[in-house]
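S.K.: Residues or ranges marked as transmembrane segment by TrEMBL: B:23-51, B:63-82, B:103-129, B:141-161, B:168-185, B:205-223, B:277-297, B:303-324, B:350-369, B:375-399, B:424-445, B:451-468.
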Amino acid sequence: MITVNNLSKSYNGVQVLHLENLDIPKGQSFGLVGNNGAGKTTFFSLLLDLIQPTTGYIKSKDILVNESEAWKPFTSSFIDESFLIGYLTAEEYFYFIGELRGQNKSDVDALLAQFEDFFHDEILGKKKYLRDLSKGNQKKAGIVAALIGNPEVIILDEPFANLDPTTQIRLKQIIKDLAKKQGVTVLVSSHDLMHVTDVCERIVVLEKGEIVKDLATSEATLKELEAHFTN
Amino acid sequence: MIKHFLSLEWKQFKRASYFQKGLAIKILLFLAVLYFGGIAIFMGGVMFFALEKTFPDIDPIVMVNNFLIYWILFELMIRYFMQQLPVMNIKPLMIIPITRNSVIHYLLGKTILSFFNFISLLIFLPFSIVLLFQGYPVVNVVLWFFAIMCINMSINFLNFLINKSNTVFYGIASLVIIIVVLRYFNIFDITEPVGVLFNGLYNQPYLAIIPFLIMIGLYKVNFDFIRKGFYLDGAISKKTKEVHATDLSWMNRFGNLAPFLKNDIKMITRNARPKQVVMMSFFFLFYGLFFFTQSVYIEKMPYILAFAAMFITGGFLLSFGQLVPSWDSEYYKMLMSQNIPYRQYLESKWYLMVVAVAVSFILSTPYIYFGWDIYLMIAAGALFNIGLNTFITLFGGALNRVPIELNTKAKAFSNTNGFNPTQLLIALPKMLLPILIFFIPYHFISFNAGLIALALTGALGIVFKNFFLNKIENIYQKGKYKTVAAFSEKK
């Protein structure tokens, strides 16, 4: 689904990301971990063509993301609050995204109905602008908006941060289902080792912009990751 | 304690965004301040003589006192729209071991140095000095000036109370309208009775104590108000108003562009900054009055009128359009990674501007009063705006990478968003081109030829819409990464 080739990004001659080769097959739930400044968000921004690669390229479904816009219809993402439109209510925002992705009101409503649990009655029908919601609730809205329109690739940057425990557990279930049942390629980054090992089939550890570990998740993975980050 | 506050204040001033700009802008801003300050001082200095000449049988001070009420109401309006509440910066001071009272005194005291307070000072100080030189009694003049300054401060403090409640604002706004209407139809002239009050201030100087007490009183009210609400969820919290969703589904007829147009309408109606811009563009409608009332322009230099005609219908186009990608800066990353072709995004902005020009044109119908020539000129100007200025504006937007905080009112003189040399360069053709296009055929053929040339250029622009939009889209595409990076920088 996603192929990375000799991708690097430098700012003023300082390399912040360098990925020789990376293949993410369709339907994989892919986890990215690493300390601050390891290059996680840089990688996601490159995937979304928000920054320009210094060398190399990313292909998504054989489309060069920095040259064509054809990846946009099947890719969705939530990186941070700047993906929300602050002056809309949650519903208006969902419908807006729906319209952009060719979904009518009832399609969106049907999808939202599945996430009633996840919203925990704090998002819909609140008559509040998104900018007036708490950080956690903003995040919930952003994540669900990323699921609208049957995307084939979903990119979530630190989706577990700021969420309450109940929602974290529900989100884990949602991500697992997406990859397993619907064959969606999900890319997640996180600082919470336990959550990623729970959710992802494959975990890549970044350090100073380079891949230092590429693990297929198993019983031993969590221990291995903990050992890695202890040093 | 005061030392700390002052050093904070100095840092805030020195490090404010408008000082971080390039030297050229600093100089321009400095000149602008000098210019407006100079105008105020000049007005104050000349006012006495001008009034004396125009109304020889009325004492200028009486005249000034009679019309003071309008000045006060005008100032109140301007402040309501432009002046920021000081309370927003309270948060970091809340947990520091300083007594609440001194924090509040500091905040309120700070507002005394607001730019708006200096307007009155710069006008009335020279006026009072002239009065003294003209041999008016010193005590009366000095205390009158003092009273005016107290009133000025009272407005300053009153504004903060008004800002907290819409009812007070609409009350005052309707009062102003009623006063003006009553006077216009000669039913009742408020200037006389109110003038008596202000003249009383002058004739009985000891009465200056009254505005002084009012000022102290309003200060106290403000103080208590903030004191009582000195909590995160109190006076300093931003109001979260309940949303009244409006049904905009009728706009779906615009097809692909509908989601963007609907979104833009919401953006304009729900955020402080764009609302301010719409208000401003409304005032542009009256711009023609400066020109069409002067026979000099109509008889000798009608090409200047082309400029005025362009301005009347171009208010929204100029003030909103020049900040086009910036309006979406808060969520630009999302727009760029969502399923949105750049073309549609730009086209929807174009339609928005076209609709605004059309609406302004309809609103400008009363200009028929100045004759059909003038009205046709406005029509030609509107066509020019739609056909050419929209594209120039969108093109200029591609070079503008200053993020905008949507829900924060622009402050006077710190409103340098989108204010840079390139913007100025882009603004020049928007204003000079209509004059030029009108002037050449006018000079060599006739007035009507000028009109036709102006209208025709606009029509041509509409015909080549796709060509222009394609070019502009390419420029936006090229600048995409730079724009994304600039918009995600924190201010």
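Cβ coordinates come from backbone N, Cα and C, glycine included.
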S.K.: Before we move on, state whether the transmembrane segment (B:277-297) and the transmembrane segment (B:205-223) share at least 3 Cβ pairs under 8 Å, counting only pairs 6 or more apart in sequence.
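M.R.: When sequence-distant Cβ pairs are counted, the transmembrane segment (B:205-223) does not touch the transmembrane segment (B:277-297), since fewer than 3 lie under 8 Å.
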S.K.: Six or more residues out from either end of the transmembrane segment (B:168-185), which same-chain residues have a Cβ under 8 Å from its Cβ atoms?
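M.R.: For the transmembrane segment (B:168-185), the nonlocal Cβ contacts are 69, 73, 76-77, 80, 161-162, 191.
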S.K.: Counting Cβ pairs under 8 Å that sit 6 or more residues apart, are there three or more between the transmembrane segment (B:205-223) and the transmembrane segment (B:103-129)?
M.R.: yes
S.K.: So, do the transmembrane segment (B:303-324) and the transmembrane segment (B:424-445) meet, by the test of 3 or more Cβ pairs under 8 Å (sequence gap 6 or more)?
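M.R.: Stretch pair touches.
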S.K.: Could you give the residue numbers and ranges of same-chain residues that sit at least 6 residues beyond the transmembrane segment (B:350-369) on either side and whose C-beta is under 8 angstroms from one of its C-beta atoms?
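M.R.: Here the qualifying positions are 254, 257, 261, 264, 281, 284-285, 288, 292, 312-317, 320-321, 375, 378-379, 382, 385-386, 390-391, 393-394, 465, 469.
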